[in-house]
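K.L.:
What TrEMBL lists as compositional bias 'Low complexity' is 40-55. The compositional bias 'Polar residues' feature in TrEMBL is assigned to 63-72. Here TrEMBL flags 272-283 as compositional bias 'Basic residues'. Here TrEMBL flags 289-302 as compositional bias 'Basic and acidic residues'. According to TrEMBL, the feature domain 'TFIIE beta' maps to 72-157. Per TrEMBL, region 'Disordered' is recorded for 23-72, 253-302.
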Amino acid sequence: MSNNFDRQQASFLSSMSAAASKLGSGAGTKRSLAPPSPSPSVGSTTSAAAPGSLTPRRDRDTPSNIVYSQPALTGTGDSIISQMAYAVSWLRTKDEPQTCTDVLGYLSATGRPEKEQEFFVEQMRRHPQIQWIPDPDLSEQTWRSGTYVHRPTIPNVKSKTQLLAYLQKKTDASGVSVKDLKDGWPDCEAAINELEAEHRLLVVRAKKDGAARMVWLDDPSLFHEVDPQLRLLWTRVEVPSVDNIVQKLVAAQQKPASEDPRLKAAQTPKTEKKKKKAVRRTGKSTNVHMEHLLKDYSHMKR
């Protein structure tokens with residue numbers, strides 16, 4: 001036991017001496033701290049400025065109207081989605097077919113690798129709003145051949161006559177969205193207003209700004225001018241208020257059209273239905289349908 005204790009004591013003393021030597025060496029060496037940098041003075045800042053100017057060159061070269069919270073203007077974008085959107089918008093403004101070189105030049109993409117240009121042209125030919133017209137003089141088309149035009153949502157409608165013809169060819173009673181018309185005919189508002197005044201179009205307009213939203217075909221022969229005197233007499237007729245109309249109809253035992261059946265159902269008091277108590281049967285129950293099987297035949301034993 002004593003030998004084991006001596007070994008533990010010697011180990012403890014050696015570890016303590018090692019720790020003391022480390023602490024002593026750390027306390028004996030002093031760390032050198034760099035002096036704090038002085039704040040720039042007026043003389044030091046003006047020395048970097050150009051002669052005859054009190055503004056440093058770095059401050060003068062930096063524009064003062066930069067808005068760092070807004071993204072920088074990078075042209076038409078680098079992704080194929082944004083490039084395709086700009087190509088469709090540009091072709092929408094062109095009446096004549098454009099080559100792929102014209103489109104790539106507008107997008108500033110002619111300096112890109114040829115594989116990227118070819119891939120963009122292939123995607124442009126597949127776009128639903130772009131129509132590719134192959135070159136009739138070539139037997140085999142390449143990615144540079146042919147021209148491109150905008151394919152509107154409603155094709156071949158750019159005048160009043162074409163609009164009326166398109167509406168007459170419709171086989172259902174659905175209207176035509178003015179937004180779809182503007183995709184291929186941007187300035188169709190004036191023509192719609194003229195056709196509406198001629199009673200050849202039925203127009204649904206927005207309540208906020210009065211802009212046309214939907215159009216239907218109209219028949220001018222169904223329009224009849226109302227006599228101004230009849231209009232005056234009509235406006236002079238006093239119409240009772242809604243509450244009085246409802247009261248008069250109810251007094252005449254008639255149902256008002258403005259009556260909400262849900263409100264009437266809510267006003268009707270609900271009658272509580274009393275639950276019937278189940279009749280509890282008492283007494284001995286037997287298997288009547290098995291009586292012939294349970295009959296006692298013990299007396300028939302021999």
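Placement of Cβ uses the backbone N, Cα and C atoms for every residue, glycine included.
Automatic prediction, not curation, is the source of TrEMBL annotations.
What does the local environment look like for each feature on the list?
P.N.:
Counting residues 6+ beyond its ends, the compositional bias 'Basic and acidic residues' (289-302) has no Cβ neighbours under 8 Å in the same chain.
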K.L.:
Could you tell me how many residues in the domain 'TFIIE beta' (72-157) are helical, how many are strand and how many are coil under DSSP?
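P.N.:
Helix (H, G, I), strand (E, B), coil: 33 helix, 10 strand, 43 coil.
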